[in-house]
Amino acid sequence: MSEQSLDPASVAESELATARGVFRTVAFRDPVDRNEHLALVAGEPAGADDVLTRVHSECVTGDVFSALRCECGDQLSSALDTIADHGTGVLVYLRGHEGRGIGLVDKARTIALQDNSGLDTVDSATALGLPVDARDYGPAARVLRYLAVRSVRLLTNNPDKARALTARGVPVRSRVPLLAPARPENLGYLTAKRDRLGHDLPHLREPRV
Ligand SMILES: Nc1nc2c(ncn2[C@@H]2O[C@H](COP(=O)(O)OP(=O)(O)OP(=O)(O)O)[C@@H](O)[C@H]2O)c(=O)[nH]1
Ligand SMILES: [Zn+2]
């Protein structure tokens, strides 16, 4: 459980007009990891169950620069479309999650190793003595509690993420697939996530290894 609450002095709310409409934004400094994170809120999820929610791990290369080797940018955009279309929901953008928690520099090291040696996303981290997934979902749980969200429908293909959020005290009532198109550039990454990390990616045509 993550009983700690956000400190109201470390939270600032405003409105953000976007191409998808106006979201309420909640910027907050997390009391535990000390990173500054951002939640985008559509509609009024306070007191609601089954709130459509995306907990998105920062990927500067994919989210900002449209890298094709992972599907983060596509997922971010499709999650925002889905939430905006639905009218109520939350997207929590977690900084400090870059590279599944190892940071940008070490992520770049793992990618260089993947490109040079053929190791996949799991073995490249292990070969460098890095954790495969060091993410903590406490900040997401704290902001969802701050928003008085009672339970969520989580947009993710990663069953471990749903379990980790539940372990942090946010009931995940269901998992909603967030399938990005498979492309030649991201096929290796998607396949490794399916075969090594247990992601549910039924749209991949290639057989399991
Ligand atoms: N260490 C490492 N991190 C990567 C690599 N490619 C992408 N990432 C990071 O992976 C994180 C996203 O995690 P993923 O495993 O792709 O997906 P997920 O968030 O667990 O699952 P979804 O909710 O379905 O998106 C982002 O923070 C990316 O920066 C890589 O090759 N190595
Ligand atoms: Zn990415």
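Going from the start of the chain as shown, residues are counted 1 onward.
Placed from the backbone N, Cα and C atoms, the Cβ positions cover glycine too.
Per TrEMBL, these features apply:
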{"type": "ACT_SITE", "residues": "D133", "note": "active site, proton acceptor"}
{"type": "BINDING", "residues": "R54, V55, H56, S57, E58, Q75, E98, G99, R100, T121, T156, K161", "note": "GTP binding site"}
{"type": "BINDING", "residues": "C59, C70, C72", "note": "Zn(2+) binding site"}
{"type": "DOMAIN", "residues": "11-177", "note": "domain 'GTP cyclohydrolase II'"}
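Structure coloured by features recorded in TrEMBL.
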residue: R54; record: GTP binding site; Cβ within 10 Å: 24
residue: H56; record: GTP binding site; Cβ within 10 Å: 22
residue: E58; record: GTP binding site; Cβ within 10 Å: 20
residue: C59; record: Zn(2+) binding site; Cβ within 10 Å: 22
residue: C70; record: Zn(2+) binding site; Cβ within 10 Å: 21
residue: C72; record: Zn(2+) binding site; Cβ within 10 Å: 22
residue: E98; record: GTP binding site; Cβ within 10 Å: 21
residue: R100; record: GTP binding site; Cβ within 10 Å: 20
residue: D133; record: active site, proton acceptor; Cβ within 10 Å: 17
residue: T156; record: GTP binding site; Cβ within 10 Å: 22
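Screening the recorded positions R54, H56, E98, D133 for a C-beta under 6 A from any atom of ligand 1 leaves E98. Put simply, of the binding-site residues E58, C72, T156, the one whose Cα is nearest the Cα of the residue listed as 'active site, proton acceptor' is E58. Taken residue by residue with DSSP, R54 (GTP binding site) is part of a strand.
Geometry remark: C59 (Zn(2+) binding site) versus T156 (GTP binding site), CA distance 15 Å.
With a cut-off of 6 Å between Cβ and the nearest atom of ligand 2, the recorded positions H56, E58, C59, C72, E98, D133 reduce to C59, C72. Between the farthest pair of Cα atoms in the GTP binding residues (R54, V55, H56, S57, E58, Q75, E98, G99, R100, T121, T156, K161), the distance is 23 Å.
What surrounds the Zn(2+) site, by Cβ distance within 8 Å of the Cβ centroid and not counting C59, C70, C72, is the set S57, T61, G62, D63, A67, E71, G73, Q75 from the same chain.
Under the three-state DSSP scheme, R100 (GTP binding site) falls in the helix class.
The two recorded residues, E58 (GTP binding site) and C72 (Zn(2+) binding site), have Cα atoms 8 Å apart.
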